[in-house]
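Annotated features, as they stand in TrEMBL:
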COMPBIAS  1-15  compositional bias 'Polar residues'
REGION    1-52  region 'Disordered'
COMPBIAS  24-46  compositional bias 'Basic and acidic residues'
TRANSMEM  74-98  transmembrane segment
TRANSMEM  118-139  transmembrane segment
TRANSMEM  146-166  transmembrane segment
TRANSMEM  172-195  transmembrane segment
TRANSMEM  202-224  transmembrane segment
TRANSMEM  236-257  transmembrane segment
TRANSMEM  286-305  transmembrane segment
TRANSMEM  325-342  transmembrane segment
TRANSMEM  354-373  transmembrane segment
TRANSMEM  379-403  transmembrane segment
TRANSMEM  415-433  transmembrane segment
TRANSMEM  445-467  transmembrane segment
Amino acid sequence: MTEGTNMTDNESGTTKEMVDAEPAEEKPMKSYEKRTDEAEEKKENGGSKGTIQELVPVTAEEPEFEHPEGGWGWVVMLAAMWCNGAVFGIQNAFGILFMSLLKEFGSADDEDLRFKTAWVGSLSMGMIFFCSPIVSVFTDLLGCRVTAVGGAAVGLVGLLASSFVTSLGPMYFTYGIVFATGCSFAYQPSLVILGHYFKKRLGLVNGIVTAGSSAFTVTLPFLLSGLLEKVGLQNTMRVLSILMFILMLAGLTYTPLLPKPVNSNKPGSRCPPMSKVFNINIWKSLGYRIWAFGIPAALYGYFVPYVHLMKHVEERFGEDANKEVLLMCIGVTSGVGRLIFGQVADYVHGVNKVYLQVSSFMVIGVMSMMIPLCHVFGGLIAVCLLMGLFDGCFICIMAPIAFELVGSQNVSQAIGFLLGMMSVPMTVGPPIAGFLRDRLGSYDVAFYLAGIPPIIGGAVLCLIPWVEARRIRREQEEAAKDDTQEQILEFKRNSGGQGDVLAVKIADPKSVI
């Protein structure tokens, strides 16, 4: 008996080592097989209780990761805030650069002048989102810090190169592609890294971070107008390059905290598994699929006011109109909206946060249609105030909704693929508006059409809470069935000849047997 017990103890230690070497997700199956084997050995040896008790702790789970909800996270938040400001502040202020590009590189005889010039800003905004699926892969493989710093460096090179070009052709490449690609690689890690430090306050923190672009949107139009008047377009872009250099330094603060998934690579293999490079799990969620197609559908007219509003005001109210005030109004209320709705999102349960985005799209669509109807400058200010407020709502809850739909492990590629699909409508909208202006002589029709997609896209997003509620009910029903089957099997194993009778009673409590 003593010899048999010692042998069992050795086997138990060996078993623990073997199980601990397995990936985390395989532990429950391994421990179940070992308990079954030992249960059979129990019958043969007359029932030794110690053997089974020693193997049960194998099923212990690792403690759940606790987010610090502050600490170094506040520094990371400020760095991410600067990233949002530098990237989207420059993009949102393109309306000022647009008018300077028309004067610098344009010709009065060119009928498609606005159409061609609008492609510079549209390419830039579109590339930021088009590169996002690739950026998400780099973020998963290299980490947030390396991806963000490298992206900021590329953006710096692109912006500096843009300051030396003398025609629109090269500007498409240097500003529209190189600068925007760098911005894309710098921007997305700033959304992902926040989930490493915050969970309960994630909505509020996202609101503060995305408010960075509002702060820059308020200040940059006045700064750019002064710089363009005093030092010209080329030197103005060189001054903007300073923002990208600071962004490189900000990316160094992105220290990851979340534990990495268990590496399932084969020994000696340096290549990551394809499931890590292209995460198809996110597409198994119907709610995410609706979200990923509904938001791009709503954005065909989203970027049109940022590019063409300045020129529309100049044509309707004269060149002396204070155009920069409109961008300031959008920027201020957008920042307020991000802070307010970011806080509200923390108190909205689960995917019901989508309803906040629905309301924002509805208001933005209606306000876009109101722009041509404003024949008084004060009315245009009121429209821009409302548009900015709900623009902030749409932006700040993007990451919290992604966390709700796919979970923290899949959020990087979920955001990446969504932003990539957003690239098409963000790119084609402003050039189409410029084409309509060149052909029709005014921006009225362009702004009317720009308001339709947000309304349609918002209506589509209303399906997500209903779809997610159905999924949760189905999972609960399946879990209940699995629990019943496990109880039946447990009774069969432990009750000897009475197992079948007890199993019937479990499956049908009203049985008379």
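Cβ from N, Cα, C; glycine included.
Whatever TrEMBL says is automated annotation, not expert-curated.
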Margin query: At a threshold of under 8 Å on Cβ distances, which of 172-195, 325-342, 354-373, 415-433 pairs most often with the transmembrane segment (202-224)?
Written below: 325-342
Next item on the list: Can you tell me which of 74-98, 172-195, 325-342, 354-373, 415-433 gets the most C-beta pairs within less than 8 Å of the transmembrane segment (286-305)?
Entry: 415-433
Checklist line | the transmembrane segment (354-373) and the transmembrane segment (445-467) contact flag, 3+ Cβ pairs under 8 angstroms | finding: yes
Check: Do the transmembrane segment (74-98) and the transmembrane segment (379-403) come together with 3 or more C-beta pairs under 8 Å, pairs six or more apart in sequence?
Finding: no
Note to self: I'm a bit unsure how to read this: which one of 118-139, 325-342, 379-403 has the highest number of Cβ pairs shorter than 8 Å with the transmembrane segment (415-433)?
What the structure shows: 118-139
Next item on the list: Report, as numbers and ranges, which residues of the same chain sit near the transmembrane segment (379-403): CB under 8 Å and 6 or more residues beyond its ends.
Entry: 191, 194-195, 202-203, 206-207, 210-211, 213-214, 291, 305, 309, 313, 325-327, 329-342, 345, 351, 353-354, 356-357, 359-361, 363-364, 367-368, 370-371, 373, 411, 414-415, 418
Notebook entry, point to check: Can you name the far-off residues of the same chain, 6+ from the ends of the transmembrane segment (325-342), with a Cβ under 8 Å from a Cβ of it?
Noted result: 92-93, 95-96, 203-208, 210-211, 213-219, 221-222, 305, 309-310, 313, 356, 360, 380-381, 384-393, 395-397
Checklist line | Tertiary contacts of the transmembrane segment (118-139), as residues 6+ beyond its ends and Cβ separation under 8 Å | finding: 87, 91, 94, 97-98, 101, 147, 151, 168, 171-172, 175-177, 179-181, 183-185, 187-189, 192, 277-278, 303, 306-308, 412-413, 415-424, 426-431, 433-434
